[in-house]
Amino acid sequence: MKRSLGSNSSNNSGSGSNKKSKKNNNPSNQKTLGAAWGAASSRSSFRSSPFSDFGSYMEVKNRKLQNQFETEASAASRGVSGSEKLIFQGVSIFVDGFTIPSHQELKGYMMKYGGRFENYFSRRSVTHIICSNLPDSKVKNLRTFSRGLPVVKPTWIVDSISANRLLGWVPYQLDQLNDTQPKLSAFFAPRSHLTPQMASPVTSFQPDTGYSEAEEGSSIRADDSEEARDHIDDEIDGVYIENTTPELTEQTGTGDLKSSEMNAEGLGNYDIEEKEVSSELQSTTNLHSTSDNKSVHANGKNGGKSIATAAGSSTRRHSTLEDPNFVENYFKNSRLHFIGTWRNRYRKRFHGSSNGLKWADSGQNTAEMAKKSTIIHIDLDCFFVSVVIKNRLELHDKPVAVCHSDNPKGTAEISSANYPARAYGVKAGMFVRHAKDLCPQLVIVPYNFEAYEEVADQFYDILHRHCRKVQALSCDEAFLDVSDLSDVETEVLASTIRNEILETTGCSASAGIGGTMLMARLATRVAKPAGQLYISAEKVEEFLDQLPVGTLPGVGSVLKEKLVKQNIQTCGQLRLISKDSLQKDFGVKTGEMLWSYSRGLDLRSVTAVQESKSIGAEVNWGVRFRDQQDVFILVQHFLQCLCKEVSLRLQGCEMIGRTFTLKIKKRKKDAEEPTKYMGCGDCDNLSRSITVPAATDDIEVLQRISKKLFGSFCLDVKEVRGVGLQVSKLDSADPSNKGSRTLKSWLSSAPAVVQIEQDDNVFAAKVRENSDCNRPVTGGVSRLRESNSEESSIQSGDTNSSLPPMCYLDMEVLENLPPELLSELDGTYGGKLFELIEKKRGKRRINCNSPHVSLDGTAASIKELKSLSVKIHGLSTSGEKEYKEPYVPHPSIARTSNQHTIEMTDLLPSSLSQVDVSVLQELPEELRADVLGAFPSHRRQQSSSDVPKETCKKQDEEPIDLKGTENEIGLSFSSLWFGNPPLWTEKFKVSGNCTMEKLSAIYFKVAQSRPMLSLVLQHAISEMSSFPDAASASDLDKAIYDVCELLKQYINLKVGGDIEEIYLCFRLLKRLAARSQLFLQVYEILSPFIQASISEHYGGSLSIP
């Protein structure tokens, strides 16, 4: 009977009769969640099975799996002690999706420690759902998905095993409010998506930049004041810490906190700190990093493994991946950036308040001055905390710290802590989670940069009222040289200043007084908080005897360890070592420093704020790029924003620079993820520099240089973790002569610009009246300017006042000058030079195309001459981006000109292959565009002599937009790809060249709907078995030129957004070059051009195998 039910005939006969009844009975047969998949099946295979329906099959399967699990669990638990067997008793988990630990590992844990593992979800048997990430559909319907069960991360299992007890699942629940699933639109977003509107709003808690002070350049002083403070004061408030700069840390730390690129690569299964990310990222547009490699390595490598919860918002929105304003926000919310910008404001505000800030007497010995000097060191106590809580009396006696996040399990870093917090061991640079462990009642407050700025200004107003010699170290710390204030007691003055600061700002300050800057600062350390200490010269040795060597400026952890190995722990012990021994063991400079500081000697004097030796900016937090496609959009946008920031800093300091250094942090091979969220981690530091002839702060120059340097690294952008740009070899930028030192300004300068007079006859007559060379021209062109004030406007300068008389000029030299230079000289002489030349020639008439003017000075010739002068100088004088090229005669016309005619085309190369690309790249953009624009005109004139003169003039007069077409070449062929079909197809069709006609026909055949040149070239290879050469050399030259123009314009159209198309075209062109002499020459001519275009746009070269 069973065989007959399973036969084919039985299947066919019974399948149709029971279809409707089975559909009606489906819902009543469902017994598990998975039963719905197959309960409605009408296939006869289920009718022939021992199960009544799919639901019964699943019920039996689940029972079998549970039996297998219990058997394996019994065997696995034999080696486990009794106390460990029942950790997960009563817990039944269902694993959804990819997790770490894996599905099988979690199953093993349940077997070993008394839990149950469900292969199929059932609300009746499952107690916890384990997952790391959820798709968008489940996030939106979380209640439906979980059926009210807790959804927790797998770290709950791991941590419970580590603790040998069942931990509460609440801290580990997956509270994923937004999906992390990439959107399809993100992969096809145009360049226009990089708009400021995409930036997230900044709310109350602001991030800290924490970029390296050494890299800051313009913001942070280059001397050792920060380093000294770092090692002198163990209770420092985090303002100048080099090794623990705030907010992001750790280039060597590891952990399992996932960074954004891991999610982007589909590895987002690590246990990212959800509440930390939600707290730190939702409250700000971005976070910031330090650039030091050692700041939190001591915090442990696995500190983040027990942290659970997932990001409340997409982490990529707070990195370079999707935040177009990332760089701007990075520095906007930076504490160190605030200090740097404040220093610039201070320099401008108090400039000249202390006699130009130059106090040292150059005729007096520095050592002699140090002996009789008295220095006060003033430092506000816990500045960044005190300013925030000064109006919050309830927090004055409580432990408080400044940070961007108060998440107790976060990796945000403490920037500054008050003294009650420091009593618990809380220090600057410490993770919030570690600080909360030491001090659970720690109160976290956000930054208030406006209040900081106000208090800092009040602080320095008070200092400058009481002392003339003030050296600002930061917004809250300064040295005062009161050696010349003999009418007031030093200690009384310090006390008066401190009391006035407290009354005005509401913040306490500490003061140290000593004979040197070193002793004053050491005294402040002892006086803190809210006190003052005076160390007289007689008490210096006594004070230093028991002072640990680690508190001396410049003694870091490495140097301190070396000293301890030699049993040198105090300054008293250090004084027993001779200078020669110290210099032998630690080097000349370090040995000199140790010997001097151990005796309280310090030859430094209080001076003004020193000019920065370098200015730059570095970003090494949140830098993540997906793949090579980001090079063309996100990387370039990032570099543009970074160059904008550096340019603004240069302009703020009124400096320009010549050497540009691009620094890259590249993730080390096999480096683990950093403990700090979105940190740079363990990196290799790479850098390359370039020096330009003329100093500049122009943002376009910086962008071009940075793109070129970045391309020279040849990096996988996925490995980039930090980028910095530094400008050195600085020079002062005089605002009144800004731009006068640039090559562009020198080339475009015109001492005289002649305005076209409506009545040219009157102008010509007046020029003839003033062209007499019998009387010397004294006093420059002043009289010329007076006589021609109505007809011409002449820009005078120092050069004009020393011009030689025209009668002293060598006419033979003048006649052989280039037309542009000759026109410029003519303008300098008020338009009289051309007439003088003609008079010397005996009043000979010359062709109107010549750059000279006839003696009788007809209106037409003068008008053309003046038009030429305006065209030559129009770019520099009008300030417009569009200009007209001067008319250059056609070669055929030039041959008929007078022998004195000077053609500009004589100065141009015969082909672009003769141009040095490296030199071309170093030219300013306007000059480079001018050179590239002139070259095709020259080629066109040589190869198309049959073009009418009127056509040439019309084409030459068409303006070129330098801004819109940065690499635009050709003056009259810019429309070959205009229209549908493009104009070149008609031109090629009637060219008379077989190859060109065939290309036109192929376009209409295959590419009319998709105007892609690669389609035309691809079909040309397959359809054209042979390529007949032109009948004559001139025809071949003309065809080569026309095809070159077609490809050049196509490159200009595509190079900015479709480099793949250009690559494909030149691969195909190289194949065509093997078959045709025409395409071979085209390929050789265009190869340097394409490489120059690629280098200009992307900073590299295009490899064409």
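Glycine is no exception: its Cβ is also placed from the backbone N, Cα and C atoms.
Worth saying up front: this structure is predicted, and the values here are computed from it rather than measured.
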From candidates D379, D580, D585, Swiss-Prot puts in the same Mn(2+) 1 site as D476, E477 the residue D379
As Swiss-Prot has it, motif 'Nuclear localization signal' corresponds, among 314-322, 404-412, 665-673, 953-961, to residues 953-961
Range annotated region 'Interaction with target DNA' in Swiss-Prot (choices 88-91, 188-191, 556-559, 916-919) is 556-559
DSSP tally for the region 'Interaction with target DNA' (556-559), helix/strand/coil in that order, comes to 3 helix, 0 strand, 1 coil
Integer Å value for the Cα distance linking K676 (site 'Interaction with target DNA') with D476 (Mn(2+) 1 binding site) is 29
Integer Å value for the Cα distance linking D476 (Mn(2+) 1 binding site) with D379 (Mn(2+) 2 binding site) is 6
On the region 'Interaction with target DNA' (556-559), the mean of the pLDDT values is 89
For E477 (Mn(2+) 1 binding site) and D379 (Mn(2+) 2 binding site), the CA-to-CA distance in whole Å is 4
Cβ density check for D379 (Mn(2+) 2 binding site), other Cβ within 10 Å (all protein chains) comes to 26
If you count the other CB atoms within 10 A of the CB of E477 (Mn(2+) 1 binding site), including all protein chains displayed, you should get 22
Across the region 'Interaction with target DNA' (612-620), DSSP labelling yields 0 helix, 6 strand, 3 coil
